[in-house]
Amino acid sequence: METQRASLCLGRWSLWLLLLALVVPSASAQALSYREAVLRAVDRLNEQSSEANLYRLLELDQPPKADEDPGTPKPVSFTVKETVCPRPTRRPPELCDFKENGRVKQCVGTVTLDQIKDPLDITCNEGVRRFPWWWPFLRRPRLRRQAFPPPNVPGPRFPPPNVPGPRFPPPNFPGPRFPPPNFPGPRFPPPNFPGPPFPPPIFPGPWFPPPPPFRPPPFGPPRFPGRR
């Protein structure tokens, strides 16, 4: 009787150990690595995206401290870049080449390492400066600088320069000497034009009236004193 009970207990313990051995590998198989969880989040982002091309993981920040619970949300920060593969092709992004001058997005959020839970709690922005997940813990408070009034110091006053200007002697250059012109004057032949055939002028002389006859004045003979 005791032998049957012992065998029954041993069978129960064997069954429990067998079930435990089956459950532990299945649980470990459901857990993802940090990079696999991020890649799954990138796939979900491509599924929900309305853009023409797929995005591929470009850079992944350092993972946080390891946590035994795969269902605990873990902070994540990574960068994705646009590829040359169109989104309707459903091609794995890891097999696509990056597009030259493609768009780059910075993504932050949380992911879980459990395959069953939905890991998508990611926000992506374009043109945002990238910071690691531990950056808020290392930030130091900025010290405000004390505002001082601007200095009210008058500037230096310099007297105007009293430097005499240069004195140059007057130019003593002789003027140019040109020889007198020795050009022969023009030689014209004497004019040989016939004069106009005018008749000699006949002008009447001036007409004066004849003088009146001379009449002596009516005086007597002259008388001289001293003579009788």
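From the backbone N, Cα and C atoms, a Cβ is placed for every residue, glycine too.
Sequence annotations record features per position, and here Swiss-Prot assigns signal peptide to 1-29.
Cys96 (disulfide bond) falls within neither a helix nor a strand when secondary structure is assigned with DSSP, and so counts as coil. Taken from Swiss-Prot, the feature disulfide bond applies to Cys85-Cys96 (among others), supported by similarity to another entry.
The disulfide bond feature in Swiss-Prot is assigned to Cys107-Cys124 (among others). Proximity of Cys124 (disulfide bond) to non-local residues of its own chain (separation of 6 or more, Cβ distance below 8 Å) is seen for Leu45, Val80, Lys105, Gln106, Cys107, given in sequence order.
What Swiss-Prot lists as repeat '1' is 148-157.
Residues or ranges marked as region '7 X 10 AA tandem repeats' in Swiss-Prot: 148-217.
The repeat '2' annotation in Swiss-Prot covers 158-167. Confidence over the repeat '2' (158-167), given as mean pLDDT on the 0 to 100 scale, stands at 84.
Feature annotation from Swiss-Prot assigns region 'Disordered' to 167-195 (among others).
Beyond the ends of the repeat '3' (168-177), by six or more residues, the same chain brings no residue to a C-beta distance below 8 angstroms of the stretch. Taken from Swiss-Prot, the feature repeat '3' applies to 168-177.
What Swiss-Prot records for 178-187 is repeat '4'.
Among the features that Swiss-Prot reports, repeat '5' is placed at 188-197. Note: the repeat '5' (188-197) comprises 0 helix, 0 strand, 10 coil (DSSP; helix = H, G, I, strand = E, B).
Annotated repeat '6' per Swiss-Prot: 198-207, in sequence order.
Residues or ranges marked as region 'Disordered' by Swiss-Prot: 207-228 (among others).
Look at Swiss-Prot and you will find 208-217 tagged as repeat '7'.
Positions annotated as proline amide by Swiss-Prot: Pro225. Pro225 (proline amide): 5 other CB atoms within 10 A of its CB, across all protein chains.
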Using a 10 Å radius around its CB, how many other CB atoms surround Cys85 (disulfide bond)?
21
Provide, as an integer number of angstrom, the distance between the C-alpha atoms of Cys85 (disulfide bond) and Pro225 (proline amide).
172
What is the Cβ neighbour count of Cys96 (disulfide bond) at a 10 Å cut-off, with all protein chains included?
18
